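S.K.: Relevant sequence annotations retrieved from Swiss-Prot are reproduced here:
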DOMAIN    6-251  domain 'ABC transporter'
BINDING   Gly38, Glu39, Ser40, Gly41, Ser42, Gly43, Lys44, Ser45  ATP binding site
Amino acid sequence: MTLLTVKHLTITDTWTDQPLVSDVNFTLTKGETLGVIGESGSGKSITCKSIIGLNPERLGVTGEIIFDGTSMLSLSESQRKKYRGKDIAMVMQQGSRAFDPSTTVGKQMFETMKVHTSMSTQEIEKTLIEYMDYLSLKDPKRILKSYPYMLSGGMLQRLMIALALALKPKLIIADEPTTALDTITQYDVLEAFIDIKKHFDCAMIFISHDLTVINKIADRVVVMKNGQLIEHGTRESVLHHPEHVYTKYLLSTKKKINDHFKHVMRGDVHD
């Protein structure tokens, strides 16, 4: 069953009249993971942020965005806020930017839960701890009393995921969630998303420039370049049998990097 339909989506910078995204179309079914790939500036993030109205006001949006039967572009800002977090959760690139540095992470998470649920304080704490345990966050009560600066980037990232899961959204949008992390933490966060994909009835849009990450988690893939969607299909067709020259370029670049790394590890790179 289709959860999200995006039709003829166009995003324009109203200050300069410059089109940033042009005539983008895609769908997402319930429980499916859609990978969105492309270089920096290709329009990946603003396309996905437009689903819940998180772009700056200067960016004008036209077209259709239908989420679970509701036209998102016809909603007022106050109506859209009801969808954010509860029905559509967003996991940002850097956990440090998602939390107010002057307040404990627990207080911020509790406030979000109170806005979107009718749970008591005790129920909220129990629910948050349950999902923090699920994501291997040790000593959750201590973490909830911590300020953001006291926690690592990987911990903050997993806290965002825990909060998202606690609200039981129909869709999680993950915007480059592994980019700002070290290699080991990247692996842990990616494994968390893969586990969510297996065990939760939740669709995901996973934005990344890392083709290895997308290959591990996506069911279908769309490729963006200069604000246009230039190729889409199953993970197998796009990442292993691409048709567009740009997709082939991305894949060949990734292969060259991997081959060079293998040569370095073998010690057969010479000046």
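The backbone N, Cα and C atoms fix where each Cβ goes, glycine too.
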S.K.: Other than its own, how many Cβ atoms are within 10 Å of the Cβ belonging to Gly41 (ATP binding site)?
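M.R.: Around Gly41 (ATP binding site), other Cβ atoms within 10 Å: 13.
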S.K.: Using the centroid of the Cβ atoms of Gly38, Glu39, Ser40, Gly41, Ser42, Gly43, Lys44, Ser45 as reference, list every other same-chain residue with Cβ within 8 Å of it (recorded ATP site), in sequence order.
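M.R.: What remains near the Cβ centre is His209, Met224, Lys225.
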S.K.: Across the domain 'ABC transporter' (6-251), what does the mean pLDDT come to, as a whole number?
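M.R.: For the domain 'ABC transporter' (6-251), the model's average pLDDT rounds to 92.
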S.K.: So if I draw a 10 Å sphere around the Cβ of Glu39 (ATP binding site), how many other Cβ atoms end up inside it?
M.R.: 14
S.K.: Just to verify: the residue among Ser40, Ser42, Ser45 with the fewest other Cβ atoms within 10 Å, which of the binding-site residues is it?
M.R.: Ser40
S.K.: Using Cβ atoms only, which residues of the same chain lie under 8 Å from Gly43 (ATP binding site) while being at least 6 residues apart in sequence?
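M.R.: Set apart from Gly43 (ATP binding site) by at least 6 residues yet with Cβ under 8 Å, we have Ile11, Leu20, Val21, Val24, Met224, Asn226, Gly227, Gln228.
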